[in-house]
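Record features (TrEMBL):
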- 10-210: domain 'YjeF N-terminal' (DOMAIN)
- 58-62, 124-130, ASP153, ALA252, GLY306, HIS356, ASP419: (6S)-NADPHX binding site (BINDING)
- ASN59, ASP120, SER156: K(+) binding site (BINDING)
- 217-475: domain 'YjeF C-terminal' (DOMAIN)
- LYS389, GLY390, GLU391, ALA392, THR393, GLY418: AMP binding site (BINDING)
Amino acid sequence: MIGLHTVAEVRAAEAPLLAALPEGALMQRAATGLATVCLRLLGQAYGSRVVLLVGAGGNGGDALHAGARLASRGARVTAVLLDPERAHPAGLAAFRRAGGRTLAPEAAGPALDRADLVLDGIVGIGGSGSLRAPAAALVQRAAAGPALMVAVDVPSGVDADTGAVEGAAFPATQTVTFGAVKPGLVVGAGRGYTGELHLVDIGLAEHLPAASTSQLTDADAAARLPLPDADDDKYSQGVVGVVAGSAIYPGAGVLCTGAALRTRPGLVRYAGTAADGVRSAWPEAIVTDGRPGDAGRVQAWVVGPGMGTDDDARSVLAEVLATDLPVLVDADALTMLAREPQLVRRRAAPTVLTPHEREFARFGSEVGADRLGAARALAADLGAVVLLKGEATVVADPAGTAFVNGTGTPWLATAGTGDVLSGIAGALLAGGLPAGEAAAVAAHVHGRAGQAAAAAGPLLAGDLVRHLPEAISRVRGQRPGGLPDSGP
Ligand SMILES: NC(=O)C1=CN([C@@H]2O[C@H](COP(=O)(O)OP(=O)(O)OC[C@H]3O[C@@H](n4cnc5c(N)ncnc54)[C@H](OP(=O)(O)O)[C@@H]3O)[C@@H](O)[C@H]2O)[C@@H](O)CC1
Ligand SMILES: [K+]
């Protein structure tokens, strides 16, 4: 699990270290790690052209100390001082001693045009609001040139806690962050500015609290995708019930049922008016064209994709939510639930809601730039797990625990992919995973399936279902089609 830590948590963890270590020692650790990454990226330091964008705080200090190291290895390093009077004194002294030269912002254009690497030390975790002039103009000029764009700690202009970007921000090809990954590097707009992320250990780990926001790795997801063992039968893996699609539009029912089957092929029951289409696509499913109560026993329900929003659909939704089982609510069922949120508030069993931004807004407030904050607020309000879809899907539970998904591809933004996600998550809920984890693992596997399917070009939602076994094998660290070790 990759813990994501807020600025306040990082500051609190730094405090005892700053008190215990000699002055500047923590910054030296950061700058050493930063210079090491830059040297690796440059390949050869000697003769390479490096430009530092240096703000007035500790972030600029990191850049100056790292620049001094690069200069002492033979790089031609120029520091653009945005606020010369307030540039980090020890950093600037070290930089000058190493032979670095400085430039005023107005004179920096040609150097930026020729640079091999631009280091962004404008602002780090002390930043707020949009980038000020002349920082914004320098960032724009650097981005137009050929240089590798390396952000120090956080791309300047990105809110480290939320990922919000107001106006200009440094579009990094690499971000070298210190002590802990900040949420804003992997969520919201900030994710798009971070590039490849490098975490430098500066000794904070033992002082950081348990993270309330995390990102799953493949190993974390695999640990929550148990393999059936010899004692399992078709019921013991958990039976999922699906209510999705309609007689005229059976597609959502077909996709959702298929995704559930391919995630945990124990048993999937389908109830609804797309019965004929589902039956012919998936003979493995147990299908009824009746109501959920006619479907037989299940351990969790998925309700919503393509089911419509008429009175019949509303009464089916109410029936499912009146059970004491985990329920995943998606698509049309979200539209109906937003009109009657008390249907979820009064539930004792877990509920997972999977809105995209427009569906989210129907519950009363826009998502805005702070996607994690928005998901947490709705989860707490409704007492349900909220999986907010988008690039970097986030999951929040009512107690405030959250996940930011790290897998996926922009190709997933196509019709029907949400139906597949619902089927995966429903199958994991039926298997007994806690609701927040079921949602987070589903998003992780769904993203991996998207990546596998997109390798062959533009993907359709049905391709995701076909690629699910391969994606799950990859998450488990097995070669697609390979067999697990059978032992001696
Ligand atoms: N503590 C340590 O020992 C360690 C710290 N470390 C490093 O220090 C960083 C934190 O340093 P920090 O606290 O000095 O804040 P920092 O991010 O440099 O920003 C403050 C400056 O930015 C300015 N500014 C603000 N917003 C702005 C905007 N929108 N646009 C433009 N400017 C803006 C603000 O200006 P002011 O508001 O004061 O006028 C002020 O001058 C951290 O991210 C890490 O890199 C590591 O070395 C590990 C050890
Ligand atoms: K920065």
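From the backbone N, Cα and C atoms, a Cβ is placed for every residue, glycine too.
Please treat TrEMBL annotations as automatic predictions, because they have not gone through curation.
Features recorded in TrEMBL, as mapped to the structure shown.
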| residue | record | Cβ contacts under 8 Å, 6 or more apart |
| --- | --- | --- |
| ASN59 | K(+) binding site | GLY121, ILE122, VAL123, GLY124, ILE125, GLY126, GLY127, VAL152, ASP153, VAL154, SER156 |
| GLY61 | (6S)-NADPHX binding site | MET27, ALA31, HIS88, ALA90, GLY91, GLY121 |
| ASP120 | K(+) binding site | LEU53, ALA63, VAL139, MET149, VAL150, ALA151, VAL152, PRO155, SER156, PHE170, ALA172 |
| SER128 | (6S)-NADPHX binding site | ASP159 |
| HIS356 | (6S)-NADPHX binding site | LEU388, LYS389, GLY390, GLY418 |
| GLU391 | AMP binding site | ARG191, GLY192, GLY408, PRO410 |
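Just so you know, of the binding-site residues GLY58, GLY390, GLY418, the Cβ with the fewest other Cβ atoms around it within 10 Å is the one at GLY390. Ligand 1 lies within reach of GLY58, ILE125 from the binding-site residues GLY58, ASP120, ILE125, SER156, HIS356, ALA392, judged by a C-beta closer than 6 angstroms to any of its atoms.
Taking the centroid of the Cβ atoms of LYS389, GLY390, GLU391, ALA392, THR393, GLY418 as the AMP site, the other same-chain residues with Cβ within 8 Å of it are HIS356, LEU388, VAL394, ASN405, GLY408, LEU412, ALA443. Predicted-model confidence for the domain 'YjeF N-terminal' (10-210) is 97, expressed as mean pLDDT. Of the chain residues outside the K(+) site list ASN59, ASP120, SER156, LEU53, GLY55, GLY60, ALA63, GLY121, ILE122, VAL123, GLY124, GLY127, ALA151, VAL152, ASP153, VAL154, PRO155, PHE170 have their Cβ within 8 Å of the site's Cβ mean position.
Selection of the binding-site residues ASN59, ASP120, ILE125, SER156 by a Cβ distance under 6 Å from ligand 2 yields, in sequence order, ASN59, ASP120, SER156. Within the same chain, residues at least six positions away from ALA392 (AMP binding site) with a Cβ under 8 Å of its Cβ are GLY163, VAL186, VAL187, GLY188, ARG191, ARG371, VAL404, ASN405, GLY406, GLY408. Here THR393 (AMP binding site) comes close to LEU387, VAL404, ASN405, GLY408, ALA443, GLY447: these same-chain residues lie at least six apart in sequence, with C-beta atoms under 8 angstroms from its C-beta.
Of the residues the record lists as binding AMP, namely LYS389, GLY390, GLU391, ALA392, THR393, GLY418, the two whose Cα atoms sit farthest apart are 14 Å from each other. Every protein chain considered, the tally of other Cβ atoms within 10 Å of the Cβ of ASP153 ((6S)-NADPHX binding site) stands at 28. Highest Cβ count within 10 Å among the binding-site residues ILE125, SER156, LYS389: SER156.
Secondary structure from DSSP puts GLU391 (AMP binding site) in coil.
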